[in-house]
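What follows is a set of notes on a single structure, which appears directly below.
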Amino acid sequence: MARRAYLCLGLLLFVCCVSSETRVKRQEEDGASEDATPEQLCDGRPGDEYFRLTTEGDCRDVVRCDKGAENGVTRLASVRCPIGLAFDIDRQTCDWKTHVPNCDKLEKPRKVLPILKTDEPICPEGNLACGNGDCIEKALFCNGKPDCKDESDENACTVDLDPNRAPDCDTNQCTLPDCFCSADGTRIPGGIEPNQVPQMITITFNGAVNVDNIDLYDQIFNGNRHNPNGCQIRGTFFVSHKYTNYAAVQELHRKGHEIAVFSLTHKDDPLYWSGGSYDDWLAEMAGARLITERFANITDASIIGVRAPYLRVGGNKQFEMMADQYFVYDASITAPLGRVPIWPYTLYFRMPHKCNGNAHNCPSRSHPVWEMVMNELDRRDDPTFDESLPGCHVVDSCSNIQTGEQFARLLRQNFNRHYTTNRAPLGLHFHASWLKSKKEFRDELIRFIEEMLEKNDVYFTSLIQVIQWMQNPTELSSLRDFQEWKQDKCDVKGQPFCSLPNACPLTTRELPGETLRLFTCMECPNNYPWILDPTGEGFNAKK
């Protein structure tokens with residue numbers, strides 16, 4: 001966590017600006033140097049791209065082009081990473097110097113862009129032009145495989161530029177229960193008046209479930225806190241594999257909480273996720289589901305949700321895999337803080353907000369998948385007075401929240417922002433370690449839950465319960481009998497399936513030198529389940 005605290009351009013220090021009248025000595029790749037003006041350096045360069053003027057020094061200094069100065073003068077805004085960090089040119093962020101492999105590079109590689117807009121057509125119908133003027137079929141653009149000689153067909157593939165992108169929302173074609181969209185994302189499903197919409201609050205946790213956090217979950221979901229319909233409050237747990245106690249996961253599922261997947265390996269390399277192949281996402285998410293179903297004995301096909309580690313969305317490849325593997329929803333995309341929050345939506349049509357968050361690798365194509373969008377939280381102490389601050393998508397990333405009192409304000413202010421506008425679900429997303437770091441954080445969350453439950457129009461639900469309501473929008477007056485929320489596990493009592501799970505000491509040749517314990521009520525496998533052997537039965541084929 002200490003490392004990730006620095007992975008933010010907000011920590012960069014602006015130290016000076018160089019005007020266009022100044023000539024800058026810039027080191028060339030071959031070691032020679034030449035003088036260049038800021039205007040020459042900034043010609044054709046995006047204003048938000050950082051680059052180096054030299055590869056000498058401690059790798060902390062970069063500049064960006066500032067074309068907004070008075071009199072149209074182009075300046076270079078100089079930026080310096082904090083001591084101990086270096087600037088990663090590829091990822092455009094500060095990181096520990098040992099994790100930055102490109103201190104010898106001046107700038108990001110220049111990518112050739114296709115010619116997508118021309119006054120007159122330059123290609124036959126159904127074709128588009130590569131950057132070098134060659135024409136290829138439109139369908140070949142942004143398919144993950146370069147088809148132009150200059151590879152430009154894979155260089156303009158964002159939500160806004162992909163020639164084969166999903167169409168804008170069409171409410172005549174997109175109808176519930178299978179499809180939901182709106183132009184700006186704020187429309188309430190079913191056209192229900194806001195005061196007749198239940199304010200759903202979703203509490204989610206990311207990571208392994210084990211002895212470090214089971215007690216916290218038991219305190220929050222103690223079985224004595226009930227929604228207005230008489231059912232116990234619910235949460236959603238995005239489970240990562242390593243160090244997870246599957247007997248505890250089985251118990252959470254027995255009590256009616258939703259289990260979803262947070263990956264198998266939880267690899268520390270962010271580029272692995274944002275640049276992952278179809279097969280990478282398949283092995284990570286379908287593999288994690290297989291392990292959880294087997295060792296937590298979840299047999300009802302209820303594991304249908306995905307969250308990407310570090311919220312590093314995997315673009316179209318991730319969502320193609322999800323559709324093929326019958327995952328119903330993703331919960332990794334963040335929506336920037338706005339006056340009115342966004343409702344979840346399906347990805348048949350174009351997403352209704354900017355691609356926000358890590359790596360900006362949102363899906364551009366049409367996919368039969370729900371996006372349980374993460375609305376950023378407003379972390380200002382007083383939103384009516386304080387200066388603007390960027391929102392935070394996970395509660396523990398709200399770095400200014402240091403006391404229980406501040407946390408209490410954060411909860412209530414964001415509740416009111418949802419409750420008094422369109423009542424889009426309020427997502428409270430946590431890593432358990434943050435809530436356990438200070439007893440006052442846990443106490444304030446419980447106090448908030450109990451305060452909200454005194455209202456007759458607030459429900460703490462799982463993410464799948466949000467989808468169930470959206471597919472069948474039901475007014476508050478009829479919600480107590482809403483069957484989708486009352487089936488099977490409304491008010492669960494009784495004992496765990498097993499009080500003394502097997503503590504299987506296991507190894508795998510994929511993690512040499514490690515012996516890991518797998519806690520499960522099921523039989524112990526032969527090996528510790530991992531990416532090439534998710535069943536733990538042994539290797540049958542090479543990847």
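For all residues, glycine too, the Cβ spot is worked out from N, Cα and C.
Curation plays no part in TrEMBL annotations; they are all automatic predictions.
Note that the structure is a prediction, hence the values are computed from the model and not measured.
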Say which of C135, C142 is recorded by TrEMBL as the disulfide partner for C123.
C135
So, in TrEMBL, which cysteine from C130, C142, C157 is disulfide-paired with C148?
C130
Say which of C142, C169 is recorded by TrEMBL as the disulfide partner for C157.
C142
Of these disulfide-bonded residues, C130, C148, which scores lowest on Cβ atoms within 10 Å?
C148
Using DSSP, tally how many residues of the domain 'Chitin-binding type-2' (39-105) sit in helix, strand and coil.
10 helix, 21 strand, 36 coil
Find the shortest Cα-Cα separation between C135 (disulfide bond) and the disulfide-bonded residues C142, C148, C157, and name the residue that gives it.
C148
Near C142 (disulfide bond), how many other Cβ atoms are within 10 Å of its Cβ?
23
On average, what pLDDT score does this prediction assign to the domain 'Chitin-binding type-2' (39-105)?
85
Between the Cα atoms of C157 (disulfide bond) and C148 (disulfide bond), find the distance and write it as a whole number of Å.
14
